[in-house]
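Read through the structure below, which is laid out as C-alpha cells, and then see the notes.
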Amino acid sequence: PTQCDNWVRTSNGGHFASPNYPNMYPPNQECIYILEAAPRQRIELTFDEPYYIEPSFECRFDHLEVRDGPFGFSPLINRYCGLKSPALIRSTGRFMWIKFTSDEELEGKGFQAKYSFIPDPDFTYLGGILNPIPDCQFELSGADGIVRSSQVEQEGKTKPGQAVDCIWTIKATPNAKIYLRFLDYQMEHSNECKRNFVAVYDGSSSIENLKAKFCSTVANDVMLQTGTGVVRMWADEGSRLSRFRMLFTSFVDPPCSGNTYFCHSNMCINNSLVCNGIQNCAYPWDENHCREKKKTGLFEQITKTHGTIIGITSGIVLVLLIISILVQVKQPRKKVMACKTAFNKTGFQEVFDPPHYELFSLRDKEISADLADLSEELENYQKMRRPSTASRCIHDHHCGSQASNIKQSRTNLSSMELPFRNDFAQPQPMK
C-alpha cells in the first residue's frame, strides 16, 4: 500500500495526515492507512481542524474512505469530503482500513486524524478486561523449516482455555527471500476474522507490512520480498482448535549460482533441498525426478551382478526345459516301436495258428527256377503228410506229432540257402 505521510505511533495510538497538511494536498494522490489494535481492543478515529476536502455529490472526486477491517473489501463505514470534519468513527474489531484519494484539480488543505485504542466490549466481564495474553514468540532461520501452531501447547506458552496470540519470526539465509507454503490449515470459526486468523508480514510486524491475512477455509502461498517474515496467529478462547502448519524456504532470484537449483518459478533454492522429500519449490520440480526413499526391499537389494547371474541361470533353466519337452514329445513313439519289435509273434503263431507258408517275390530269374522245384517238393510232401497224419490220428487218438512234423519241415525250409542279390531292378513275375 502507498503511504503518503509519516506515521506517528505511541502505545496508546497515534496520528496520520494527508500530504502537505495543513497546506494544500497535491493532485492525483492515493494514500492508504491500515490501523491495528491489540487483541481484545477496538479503534476510535477523530479528526482535527482545519479540515477541508473538495466537496462533491456522494464524494465522487476527492474523498476519504473508511472501512471496518484490514482490507480494501472490508465493510464500508462511510466516505467523507467537504468542509465539515467527520464525527467520531469506531471500529467493531481490531482493524481499520483508510484511503485518501484526490483527482487532478481543486485541491484543499486535507485532514489530520488521531486514532486511539479502547477495550473491546465483547471481551469484558464484570466491567473489566480479561487476563492479559502471555508472551508467545518463536524464532526460526535457515534454508527451510516448519512453522506450526502445535508448538504453542508443546512449549506451554498458553494454558488450556486461554486465548492465543503468538508470533513466529523467520530469518532467511543471507541475501535471500522467503517463500511460505501452507501444509496444514484449519480455522474453527471460518470467516470470523475477529475471533481467529493467521497473518503474514513482510519485513516486520508493523501493520503497513501486512502481506496477507487468512481467516477463511483456504490459505494461499505467500512470496515475501525481504529476508524477514513474521507469522502471527490469533485465536480467542472459543477457537483453540484452529491450527496451521507452514513450510518456509529461503530462495534467491535467478540466475542461479553453482550451489543453487532453479525452480522454474523465478526462484533458486539451495541444492541441499533437492530430493529431500519435501516440495520446497512453488512447483514440485525439485522432487519430480527423485527416487522415492522407502525401506529397502528384496528387489532393491538385488545389484546388477546379482541380476546378471539370475538372468543367465534363468536362461539355462529355460533352455533345459525346452529340450526336456522335445525329448518327452519324441520318446513315447520309440517305446511303442520297441514293444512291437520285442513281441515274439512267430512263437505265438506256432502254438495257436495252423502252419502256412508265404511266397516271396525275388528279383532274380535263377531264384524263380529253384522256387518252382521247391513248389513241386512241397506238394509231394503235403500228399505224403496227409495220409500218415490221418492214420496216426486214428491209432493214437491225437495229432500231437503234427506239430513236430511241421516244425521239422519249417526247420528244413529255413536251413535252405537261397541265393540273393541286392538288385533294385523290377522283379520278375512268379511262374
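Even glycines carry a Cβ here, placed using N, Cα and C.
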Notebook entry, point to check: For CYS256, which disulfide partner does TrEMBL record out of CYS263, CYS268?
Noted result: CYS268
Next item on the list: To the nearest whole angstrom, state the Cα distance for the pair CYS275 (disulfide bond) and CYS281 (disulfide bond).
Entry: 11
Next item on the list: Check the disulfide-bonded residues CYS256, CYS281, CYS290 for other C-beta atoms within 10 angstroms of each C-beta and report the one with the most.
Entry: CYS281
Checklist line | Packing count at CYS275 (disulfide bond) (other Cβ atoms within 10 Å of its Cβ) | finding: 16
Next item on the list: Compare the C-alpha of CYS268 (disulfide bond) with the C-alpha of each of the disulfide-bonded residues CYS4, CYS31, CYS290, and give the closest one.
Entry: CYS290
